[in-house]
Amino acid sequence: MQDDDSLYDSESEDEDLFAFQPPSLSAPPPAAPPPFSDPSALSVASSISADERGRPTTAAPGLAPPRPSTSAYDRPWTAFDEELPPPAAKASSDSSGPARASTAPSRKDAAELSLTPAEAYASLVYSGSEATGLSQKGARRRSGLGEPTTPTGSSPSVSVDFTRWRDKSEDGSENLTVYSSAQERRIGGAGLGRSMHAEVGIEMGNLGRDSLTTKSSGCDGEEGRTYLTDAETLAHALAEEEEDSPYPEVRASVSNYDDDMPVLTFRSWLLGLTFAVLVGCANCFMMFRYPAPIMTPIVCLIAAYPCGKFLAWALPITSWTPPSWTGYNGDISFNPGPFNIKEHTVILLMSNVAISPVYALHFSVACEKFYAIQFGAGFDILAAITSQTIGFAVAGLCRRFLVWPASLLWPQNLALSTLLNTLHAEEDNEAGAGISRHQFFCWSFVLAFAWNFLPGFLFQALSAFSWVCWIAPNNPVVNQLFGVSSGLGMSLVTFDWSQIAFIVSPLLVPWWGIVNIFLGFVALYWIIAPALYYSNVWHTAHLPISSNSVFDRFGSEYDVSRVLNQTSRTLNSTAYSAYSQPYVPATYAIYFGAAFALATAALVHTALYHGKEIVKRARKIAVEEDDVHMKLMRKYPEVPDWWYCAFLVVAVALSLVVSCAFDTTLPWWGLLLSVAFGSLYVLPGGLIYALTATQIQINIPAQLIAGFAFSGSPLAVMLFKVYSICSTLVGLSFVQDLKLGHYMKIPPRATFTVQIVATIASALAQVGVKTLISANVDDFCSQDQAARLNCASTRVFYSASIVWGAVGPSRLFGVGKIYNPLLWGLLIGVVGPVLTWMMAKRWPKSWVRWVNLPVALNGAMSMPPATGINVSSRARWWGLMAGLLASES
């Protein structure tokens, strides 16, 4: 048992909080106490009698009843709000002394008779000499205060009224006691805006049958009582309230409490489906346009807040009971109360799964506009729904590896959680403590909006701030190395946040991820690429050093129409030999090599560094202790694995209909291979995504496999690519949402439901947008389309089908071909993680433990279309911006 003195010595700075000496069986009778009141102490209310089960039979005298509710939610209440007449004296006796008369303390007596929850608990668990030691220790600490003590043999009932999270009542009329530690939790992590007030009655009779009664009034207005039957249970309850995540990033962003509030309400369904359909349709339209700005989850999150507040104000508060034949027992209300954070999270989850355009529509448009093949609306609907939902089923099966572990932080979800808590928080700053989170967010938003006009419109040179090229504008070497659009971006500086965050915001990625990405980029693009270029390896010196285009032997962009049969859209070998083979610039060649290395490095790294953990979790063996968020989520029914398995079977069956019932030239085994290949990378890709907020890129290895398997069939290559990429990237998007729901304490089955409904609704809406555009825009996908609906991204998708499908990888990467050495990247991806793993085992405390080859390679995969400045500026701005924002917040 812990030493008694340590309980007090470790908290010597909080001496003024201890204004009451715990009762002791051996303490002398108290003298009349002088008036004393400690505002930070907790008031003792009165006794609560209990029956043989430990449940109270009468209300605590001296406690005011709760105030009448003025809204759908009850307001918090405190003891002694009103003067009540003292109750009649009653007899109290025990086995060691005569009967005594006891009365409830008055307001003044209660102010003098105060104790903290820790002291109340100590009074329960320590008996005999230990309790005496506690009392004596407390007496030494509080000598001269004259606190009353309990006569020998007495075991009075003590009811403690305390407030945890709030320093003011909702109407601001009262100042409530708040502990400094609890206040730090509220401001720093989390419990922003929580309103919870608890009254605890501790019956200190038989230590083996002590009872604890709690009554809470939260923001949902529901009151409940919990009865704990022993002191150990009380200790566990108090420890749970103090528990938080072991990671400071999570503590600063995510609440360690789970307030009971409505989730799947009429408001959340209405706004969630509305935003899912709107953002899906908007991004689908922009997918066919160039340039193509897109809506992001942050936009949906911010826009949903005033909409939810408006519905909470405008909708009627009446409720109605559905008919009995519906099977629903309960009332339904269009307006269950104030718009809450869980409703907001559900809206965000539904918007987030619909934020990305349906990738399968690239296949449909490419077939219609470039291959002159019409599959019809039925094909579009099936392809859209199945490609978007296969990843969902795979993500659900991986949640025990990617969602439940506390060590996988998912930085992008921490940012969303912080913003959600900020929007739903009450004022959380004290006088002289600086600005609140809400104020900081507003100022940051205004300043960022204002600054965007400077590099975006007024002085666009700040966006491509290539100051070295200004010094020597006619020097080709300087422009190749320091140029922004067609160079390697060695100038390091840009003042355009859209350039800095083009890949991912550097504020989200941890420092070791930034270092790995930057060093990988430097090694590949600032060392190897110039060496290839200036050595004219693979004829790269005849081409731009950096470009995302494919060229012919004349130095012009490759014209795929010159090597195709116009009727069958297959490769014309004679025309191909007469024209040219494709050539790629130095940076594009590095991109291919990095993609091959990443394909194997991700699998090997995951097996070496996480293999044992994955096996244990698959066998349901505990790997790490559950954090507070996992413990809080255990009260909700989990989604059974067979739900996800059944959903996967249905989605794969409908996908086979897509590939076999229509003339796609992709056989059934090819479809299964594409789904299996994409699903294989959900777990390693999820680990990278959860740690660095960057998604893994598998499009090159997917096209390589499809090109060798279905050479000469560009349609099969395209459809294989669709299902492979969607199985991975869409699956990772679903896993991210599952983790966000985990952080925000959304019931798993509610998350399951809203993700399915929003995905299907958005897919159907996007198919409708594509059909309307195709039917009403005559020159859709033409280069000079008036509204810029030139299908730029779909053209890239189509060109890739020619290179990998019609031409085939055997003509580029086969034995003896020009780019065959790039396949050595597959071996490098195997050997590299093995070497770093062995070195980390040999020197566990060296810098090698921070090396993550898949992260370094995945960061390099963003170029092209990214340029050097998009990567190099992230490392420079990370230290400045992250430190600045952290210090300001």
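Including glycine, each Cβ sits where the backbone N, Cα and C put it.
Sequence annotations record features per position, and here TrEMBL assigns compositional bias 'Acidic residues' to 1-17. The compositional bias 'Pro residues' feature in TrEMBL is assigned to 25-37. The annotation compositional bias 'Low complexity' is assigned in TrEMBL to 89-99, 145-159. Summarising the annotation, TrEMBL assigns region 'Disordered' to 1-112, 128-175. According to TrEMBL, the transmembrane segment annotation covers 269-288, 294-315, 440-465, 477-495, 507-528, 588-609, 642-662, 668-692, 704-732, 752-775, 796-816, 822-840.
Long-range Cβ contacts of the transmembrane segment (668-692) within its own chain (Cβ-Cβ under 8 Å, at least 6 residues beyond either end) map to 390-391, 394-395, 398, 401-402, 408-411, 504, 509-510, 513, 516-517, 602-603, 605-606, 610, 614, 652, 655-656, 658-660, 698, 702, 705-706, 709-710, 716, 719-728, 731-732, 735-736, 739, 852, 854-855, 858. With Cβ pairs under 8 Å as the measure, the transmembrane segment (704-732) is packed most heavily against 796-816, out of 588-609, 642-662, 752-775, 796-816, 822-840. Contact between the transmembrane segment (294-315) and the transmembrane segment (269-288) is supported: at least 3 Cβ pairs lie under 8 Å, counting only residues 6 or more apart in sequence. Within the same chain, the transmembrane segment (822-840) packs against the transmembrane segment (588-609): three or more Cβ pairs sit under 8 Å, each pair at least 6 residues apart.
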